[in-house]
Amino acid sequence: MKNEEAVPHYPAESGTSVYQLNCAGTESRLDACTHGWIGYPSSTYCSATSAVDAGVACEAPDDGQLRLVDGNGYNSGRVEIKFAGGWRRICDYGWGSNDAAVVCRQLGYSGYVSSARADGDIRLQDGDTQYQGRVEIYYSGEWRRVCEEGWGLNDAKVACKQLGYEDVHTAYINYNPRGTGSYWLSDINCAGTEEGLYNCSSRGWGTINSYCGTGDYDDAGVICKAPGDGAVRLVNTTSPYEGRVEVYYGGEWGRVCDYNWGFSDAKVVCRQLGLAGAHTSFRGWSPRGTVD
């Protein structure tokens with residue numbers, strides 16, 4: 001066993017913070033702007049239960065930009081690419097997890113949750129955040145379990161890389177809650193440089209260590225490194241170019257108070273998301289966010 005680098009999984013709690021700022025409009029990131037306290041409301045207005053949220057609409061993209069359409073929300077859907085003034089479809093021939101990871105990265109997300117299925121794709125299930133969960137691998141039309149036997153930090157690092165995240169935070173053994181169905185991989189031994197778990201050595205697909213399944217919790221799990229502090233995203237919208245602004249800090253996504261919010265702030269958000277510029281800044285975005 002080499003799982004001395006891995007730790008048992010215990011669910012964690014998280015909350016929501018408030019972020020108040022004032023940008024000149026030339027900054028490259030929101031965290032470069034003058035701001036109030038991060039994590040706590042810095043004005044009576046922002047601390048009131050009636051406080052409302054900042055929003056933005058960014059300019060439409062140039063050639064080579066991407067969008068997601070006909071999905072269940074702003075962050076899922078069919079991938080289309082802008083070219084010669086129109087939006088074009090992308091053929092799914094050869095499409096896999098690496099392609100999905102690049103699309104999500106270009107759209108400003110830290111990783112992908114799922115894509116059109118291909119053997120060897122992986123996903124995270126039953127986590128407290130999108131960056132954490134039990135590792136499952138896709139094969140022949142089914143999601144299968146990954147046994148914890150031999151699971152360590154290098155294996156978890158490769159899993160995070162395959163999902164499009166920058167690095168691993170924690171490798172878990174004994175992941176709780178456990179999965180259902182059959183195990184498909186065990187004794188995985190990654191160097192940490194592979195592109196996906198399918199490139200790592202193991203007992204072989206479908207060849208499982210007899211240990212797997214004998215305990216209460218024998219599943220491999222992982223926490224991937226979340227976006228760095230100061231990352232931004234747009235939520236509560238069906239468009240990838242507009243929405244309520246949220247900023248990442250201290251392990252959680254928090255609201256942006258609309259106190260003094262204006263076009264200069266919106267310009268910085270759009271610039272940080274890799275878009276051409278701001279179209280409109282919104283105060284009182286609806287639906288509003290919540291603070292736990």
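Our numbering is plain: 1 for the first residue shown, then up by one each step along the chain.
Glycine residues also receive a Cβ, built from the backbone N, Cα and C atoms like all the rest.
Please treat TrEMBL annotations as automatic predictions, because they have not gone through curation.
Reviewing CYS200, CYS212, the cysteine that TrEMBL connects to CYS190 via a disulfide bond turns out to be CYS200. Just so you know, of the disulfide-bonded residues CYS190, CYS200, the Cβ with the fewest other Cβ atoms around it within 10 Å is the one at CYS200.
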